[in-house]
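First the structure, in the form of structure tokens, and then the observations on it.
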Amino acid sequence: MWCLVLFSLLASFSAEPTMHGEILSPNYPQAYPNDVVKSWDIEVPEGFGIHLYFTHVDIEPSESCAYDSVQIISGGIEEGRLCGQKTSKSPNSPIIEEFQFPYNKLQVVFTSDFSNEERFTGFAAYYTAIDINECTDFTDVPCSHFCNNFIGGYFCSCPPEYFLHDDMRNCGVNCSGDVFTALIGEISSPNYPNPYPENSRCEYQIQLQEGFQVVVTMQREDFDVEPADSEGNCPDSLTFASKNQQFGPYCGNGFPGPLTIRTQSNTLGIVFQTDLMGQKKGWKLRYHGDPISCAKKITANSTWEPDKAKYVFKDVVKITCVDGFEVVEGHVSSTSYYSTCQSDGQWSNSGLKCQPVYCGIPDPIANGKVEEPENSVFGTVVHYTCEEPYYYMEHEEGGEYRCAANGRWVNDQLGIELPRCIPACGVPTEPFQVHQRIFGGQPAKIENFPWQVFFNHPRASGALINEYWVLTAAHVLEKISDPLMYVGTMSVRTTLLENAQRLYSKRVFIHPSWKKEDDPNTRTNFDNDIALVQLKDPVKMGPKVSPICLPGTSSEYNVSPGDMGLISGWGSTEKKVFVINLRGAKVPVTSLETCKQVKEENPTVRPEDYVFTDNMICAGEKGVDSCHGDSGGAFAFQVPNVTVPKFYVAGLVSWGKRCGTYGVYTKVKNYVDWILKTMQENSGPRKD
């Protein structure tokens with residue numbers, strides 16, 4: 001292996017005699033290397049002279065061509081030396097310099113020194129044996145660019161950056177493969193504004209980042225392409241093709257298409273096709289990248305922020321639903337969402353819509369119902385009703401609910417709180433037809449006294465005052481905290497009680513001023529004989545079960561002698577035995593003095609020891625009275641000043657000296673504050 005470092009390269013070229021040839025400087029048409037000496041020995045057949053001519057000379061200029069040069073030597077004599085940048089003396093001829101020699105041998109020597117400050121491409125020369133000139137002696141030019149004559153023929157050649165097609169006559173240009181990625185630029189046909197090459201296909205690509213569309217702008221005067229033929233076909237044409245559409249082909253003098261082409265694509269292909277003829281200057285265009293725009297799509301029932309006339313790539317908007325509408329994604333809902341203008345001109349989240357808020361199925365309520373709506377969306381109105389006549393709406397305007405913007409059912413008065421159906425008090429299903437009193441009274445239906453509570457142990461009565469509370473006498477519960485109670489039954493026969501509604505006590509509250517005694521049989525003080533039983537579960541009201549009203553605190557609820565009230569129960573009769581079926585009677589109020597005058601039946605108690613207070617009511621008449629087993633039952637009076645008769649509990653059966661005469665009743669009006677306070681302080685969460 002030879003390893004040489006050469007600062008000067010000497011090369012020579014010689015061959016058998018030929019009729020023609022080509023001589024090119026090293027690396028032509030690229031820049032020639034430094035420090036080179038290369039020679040060519042030209043020889044044509046005997047009898048021919050040599051015609052040597054240069055078509056390209058671009059050699060470092062110097063005085064007398066002392067640095068770089070190409071020498072023409074004939075017979076040892078220098079016939080010429082060339083350097084510098086030379087051009088053709090005639091625009092119609094590619095020949096820059098030419099030499100003719102009568103002899104058939106010639107030497108060409110190219111020399112370059114050790115350095116060049118600029119880029120020089122060297123030279124291109126051709127030689128022929130002198131004979132006829134096919135390139136000039138005929139009318140038709142055989143070559144599209146350069147014609148080179150030789151004895152017996154010719155050959156065609158092309159200028160730099162061109163190539164010779166397979167037909168060996170026409171030159172084309174290598175103008176494909178350029179890719180433009182800058183957001184702004186300019187593209188023109190080859191040689192513009194000089195004539196473009198014939199028989200060529202130039203392909204260019206504009207590729208911008210996603211989110212930008214290619215916008216092409218043309219000036220009519222910057223377009224000069226061979227016009228269409230009589231049938232409208234373009235022999236030479238310029239065509240644009242984006243992803244989804246094509247623009248063109250275009251040809252003619254002056255651009256015939258729109259001067260601004262918006263492609264709606266970030267890529268654009270440009271094809272310039274020419275045929276074998278033509279001498280037009282071509283075209284020049286400018287392009288830039290314009291952010292892709294997204295159309296403002298009006299989403300129903302929403303607002304856009306910011307609100308602009310035009311939205312472009314990467315713009316973000318907040319879409320907020322108007323009141324009563326929401327966006328639902330899976331199981332998550334919200335009142336707004338964000339959308340971004342994407343690179344394809346479409347909005348992200350375009351599938352989201354503002355739809356009416358869904359409130360769901362209205363919650364049920366105890367002792368009432370709600371109409372089933374056709375739908376449960378914003379603006380829908382539903383109505384709650386109670387199971388009349390046994391329940392009524394606690395708030396008169398509390399039945400109408402509207403599906404609100406927050407997705408909740410809302411009432412103008414109660415807000416989101418559900419309406420409450422409370423028992424209607426004091427209205428018996430069947431009014432009691434009075435004939436006589438309990439003691440020797442008359443049979444009654446439970447529908448006459450639906451508030452009647454039967455205490456089986458101890459045997460007594462009570463009054464249902466709402467769904468969770470029973471009012472009775474304190475002495476009934478003095479020795480027991482878990483009474484056995486029933487409602488809704490006329491008969492207290494053991495077998496029939498199984499079908500009655502049993503009440504379970506949660507807690508017993510005896511009035512704090514009630515005085516306990518060890519022996520109830522000797523009690524003489526029944527002051528504050530009142531108690532409350534709180535129930536574990538609410539009582540279901542109906543035709544046989546409903547509460548009695550509490551008295552008001554006004555003077556209208558004061559009872560006076562002569563006023564008639566109703567009593568009921570399962571106490572003993574004139575025969576001294578407990579009854580099985582409910583009995584009722586109507587009794588008048590008398591003065592307390594009347595009760596004081598009753599003869600005592602119990603010999604162990606002195607009559608003067610009995611205590612009479614303003615907390616007591618005396619009522620009854622001979623043969624008409626409550627008795628043992630009726631204790632705690634209601635002494636009912638009609639509520640004053642009402643259109644539909646209803647009853648309130650004015651008194652509770654408390655005590656008496658002798659059955660069948662006059663009895664003493666606890667005056668409930670004096671205890672209303674205690675009753676309400678006790679119920680309020682001990683009411684837990686409602687089971688609505």
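Backbone N, Cα and C define each Cβ position, glycine as well.
Among the candidates Cys321, Cys386, Cys403, the disulfide partner that Swiss-Prot records for Cys354 is Cys321. Only one of Cys202, Cys251 is recorded by Swiss-Prot as the disulfide partner of Cys234: Cys251. Of the listed candidates (Asp68, Asp131), Swiss-Prot assigns Asp68 to the same Ca(2+) 1 site as Glu60, Asp113. Counting residues of the domain 'CUB 2' (175-290) by DSSP class, helix then strand then coil, yields 0 helix, 60 strand, 56 coil.
Broken down with DSSP, the domain 'Sushi 2' (357-423) shows 0 helix, 25 strand, 42 coil. Here the domain 'Sushi 1' (292-356) returns a mean pLDDT of 89 for the predicted model. Long-range C-beta contacts of Cys251 (disulfide bond), restricted to its own chain and to partners at least six residues apart, with a cutoff below 8 Å, comprise Val225, Glu226, Pro227, Ala228, Cys234, Pro235, Asp236, Ser237, Leu238. Summary of the Ca(2+) 1 site environment: with the site residues Glu60, Asp68, Asp113 set aside, the chain residues having Cβ atoms within 8 Å of the Cβ mean position are Asn34, Ile59, Ser62, Tyr67, Ser69, Cys83, Thr111, Ser112, Asn116, Phe120. Put plainly, the recorded positions Asn149, Gln279, Ser631 were compared by Cβ crowding within 10 Å, and the winner is Ser631.
Around the Cβ of Asp275 (Ca(2+) 3 binding site), 13 further Cβ atoms fall within 10 Å across all displayed protein chains.
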